[in-house]
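For reference, the structure discussed in these notes is given below.
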Amino acid sequence: MFRTAVMMAASLALTGAVVAHAYYLKHQFYPTVVYLTKSSPSMAVLYIQAFVLVFLLGKVMGKVFFGQLRAAEMEHLLERSWYAVTETCLAFTVFRDDFSPRFVALFTLLLFLKCFHWLAEDRVDFMERSPNISWLFHCRIVSLMFLLGILDFLFVSHAYHSILTRGASVQLVFGFEYAILMTMVLTIFIKYVLHSVDLQSENPWDNKAVYMLYTELFTGFIKVLLYMAFMTIMIKVHTFPLFAIRPMYLAMRQFKKAVTDAIMSRRAIRNMNTLYPDATPEELQAVDNVCIICREEMVTGAKRLPCNHIFHTSCLRSWFQRQQTCPTCRMDVLRASLPAQSPPPPEPADQGPPPAPHPQPLLPQPPNFPQGLLPPFPPGMFPLWPPMGPFPPVPPPPSSGEAAAPPPTSTAVSRPSGAATTTAAGTSTSAPAPGSVPGPEAGPAPGFPFPPPWMGMPLPPPFAFPPMPVPPAGFAGLTPEELRALEGHERQHLEARLQSLRNIHTLLDAAMLQINQYLTVLASLGPPRPATSVNPTEETASTVVSAAPSTSAPSSEAPTPSPGASPPIPEAEKPPAPESVGIVEELPEDGEPDAAELRRRRLQKLESPVAH
């Protein structure tokens with residue numbers, strides 16, 4: 001306060017000195033005025049004195065219409081004034097050809113009236129937070145709104161007639177500025193009426209928030225239209241109004257916020273009426289039954305939010321007009337009620353097992369897959385797995401006296417039913433008889449959660465997948481820059497973490513692809529083949545010996561025939577039974593004999609000369 005008084009006294013003394021010096025030089029009134037207006041230093045001193053007088057006038061009018069200004073009102077006034085001064089300086093650059101003392105005075109008056117519009121808006125908003133409003137407050141606000149409305153209308157009318165008579169000039173800017181101030185006065189007046197009606201009623205007015213929301217929506221739409229028309233006219237008749245960019249952006253943002261609030265509030269109120277249950281008397285007794293919005297006890301008509309906080313229905317309706325969060329925990333009620341609106345997705349188990357497109361061959365149980373080697377994977381974990389239903393249980397192993405028969409597949413090597421398999425050591429094991437019961441069929445490998453292999457799905461080409469990244473050995477292999485790139489909450493840190501997850505996903509896909517290839521190769525191998533000798537004559541002789549059925553074990557091995565001589569046939573040897581011969585001579589389904597059948601025919605040709 002003391003600094004302000006010193007500055008005003010210094011400005012007054014400097015102005016008196018300049019006027020006295022000019023009068024001392026000219027000795028007459030009119031030449032003194034001409035000298036002051038033509039001298040730049042004298043005009044600068046006079047401008048400073050004019051600003052001081054405007055400041056004093058503002059102080060006086062503030063005391064009359066507002067009394068003591070609150071700290072929040074002063075803060076808002078200073079914050080908006082700095083932006084207004086900056087926009088005024090930009091307007092001076094746009095209208096530099098019209099720069100004159102009258103032009104500066106008009107902009108100063110516009111800034112002066114804007115300050116009172118802002119103070120009136122803050123003071124009317126204070127009515128909602130103040131329980132006691134005196135009659136002096138009503139008289140001040142009503143008289144100020146009446147005065148501001150009259151001044152705005154007069155300046156708009158003056159600018160309109162000036163544009164009609166003199167054409168487009170700087171009055172175009174003042175006309176639109178005062179028109180926007182008129183919409184502000186209209187908004188202040190509607191809010192004042194709504195607050196006054198609410199103060200007169202004993203109970204809180206539930207529909208006040210609705211009217212205020214639609215009032216802001218209506219006046220915001222008018223402001224956006226005015227700014228768009230002003231920008232269009234200024235660009236067409238003068239130049240681009242750079243000083244109007246910020247207020248136009250603020251008006252558009254405020255209008256967008258009003259539209260969003262209207263939509264979200266209606267959605268929140270609809271959810272409150274349809275989704276949120278009414279609070280029971282037991283729930284009200286279990287918690288503090290005081291509504292934190294209105295500070296009154298809740299007896300009936302209370303709603304329970306998804307966060308289990310309870311409020312009055314009318315209080316929640318008024319609260320949701322402004323924000324869609326819980327008044328206590330600030331939980332987003334729209335996001336919390338989103339899963340309740342959408343039905344849950346059906347479980348994959350309800351769909352049942354998918355139908356098998358083609359009969360798939362069964363794999364023999366490999367000995368190198370112990371039980372529980374691989375744990376079952378959760379469904380949908382890897383994109384390469386096809387959807388599958390429940391898997392059949394693994395059949396029990398065959399008894400010690402029975403041998404599992406290999407499945408007759410096209411990929412596995414088939415053997416005759418009555419033939420015995422000869423091992424590398426020379427011992428032979430007899431196969432089951434044709435009339436015997438076959439052993440249990442082999443199922444999927446134990447420990448695998450899928451029936452291998454994918455016979456109906458072709459393998460993708462190896463170049464269809466992205467190159468596999470090299471997995472790091474640990475954090476010790478990362479540089480400090482790479483570690484810092486993974487830490488933090490900024491965008492580059494999130495992108496680094498997402499890239500790491502993509503690398504992990506690629507490695508898992510590559511591992512599943514290799515498992516798929518391994519199982520496909522394993523399915524095509526079939527049962528293990530016996531070890532064969534290098535000499536073809538010995539192989540032929542061993543096959544002949546194994547092909548002859550015997551009821552008792554031989555005491556000694558059959559002699560190996562020399563090359564070129566046919567082997568002797570024992571007297572007790574008999575031709576095979578017709579049933580077994582018929583079974584042996586059966587061909588596969590495709591009509592072509594396999595390797596075992598061809599070998600049997602060659603043996604028959606070798607035996608035919610000896611038999612005769």
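Here the Cβ of each residue, glycine as well, is placed from N, Cα and C on the backbone.
Topologically, per Swiss-Prot, Met1 is found on the same side of the membrane as Leu164. Cβ neighbours of Cys294 (Zn(2+) 1 binding site) (same chain, under 8 Å, six or more residues apart in sequence): Pro204, His312, Cys315. Shown in sequence order, Ile292, Ile293, Arg295, Glu296, Met298, Phe311, Ser314, Leu316 are the same-chain residues outside Cys291, Cys294, His312, Cys315 whose Cβ sits within 8 Å of the Cβ centre of the Zn(2+) 1 site. Averaged over the topological domain 'Lumenal' (120-140), the predicted model reaches a pLDDT of 88. DSSP assigns His312 (Zn(2+) 1 binding site) to a strand.
Around the Cβ of His312 (Zn(2+) 1 binding site), a 10 Å sphere holds 24 further Cβ atoms from the protein chains shown.
The binding-site residues under consideration are Cys291, Cys315. Their Cβ neighbour counts within 10 Å are lowest for Cys291.
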